[in-house]
Amino acid sequence: MSVLFISDLHLEAERPDITRAFLSFLDERARRAEALYILGDFFEAWIGDDGMDAFQRSIAQSLRQVADGGTRIYLMHGNRDFLIGKAFCREAGCTLLPDPSVIDLYGEPVLLMHGDSLCTRDEAYMRLRRWLRNPLTLWVLRHLPLATRHKLARKLRKESRAQTRMKAVDIIDVTPEEVPRVMRGHGVRTLIHGHTHRPAEHPLDIDGQPARRIVLGDWDRQGWALEIDANGHRQAPFPL
């Protein structure tokens, strides 16, 4: 059996092509896997478990069916869906995974992250991230009226798109010096993350030892999945 890793699906009712591809992925691949790890930005936006709509509940039910079939499902927050909580995870049959997390993968410790915390050169975003993830801010956000949360989510998404277009490419990518620092701190030689929408495998040298950073692809023009088993790993795109 194998372990699957995906991220940055940005699921929303307005993208039925991505939804169809994801449901097919669940039926054709996830059901046969030992585990499925979703490393953030699973949804385009999430205003709180109490604001789940029919579309989001249908996704939770689809995950639950796969989990009930024996596949372990793990979900990590992204920068778009960091308000996902225990209620959704109970309904979906998945486990909420802290960012970062180290897992044992066929005898090797592997670091999993969404990836946005590695983009330290984007100082404006890092300030916003610290503010949004502050426990007091999270408490306030969860207690705002749903209509206010919807309005705030739309505003943040609009501003994020505009700022991303204006920023230099190297600013919104991971900071090269931050990657080995974080990996060294967790005692790993393999890092898997998403967020940057730049699927690739980057060979590294950490303290004279070979290491690697695997970046997951985003689901927009095509889907992406990383599959790892005892014999190796492969990340490949597939049509939506």
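For all residues, glycine too, the Cβ spot is worked out from N, Cα and C.
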Which one of Asp41, Asp173, Asp229 goes with Asp8, His10, His197 at the Mn(2+) 1 site, as Swiss-Prot has it?
Asp41
Need one residue: from His150, His186, His195, the one Swiss-Prot lists with Asp41, Asn79, His114 for Mn(2+) 2.
His195
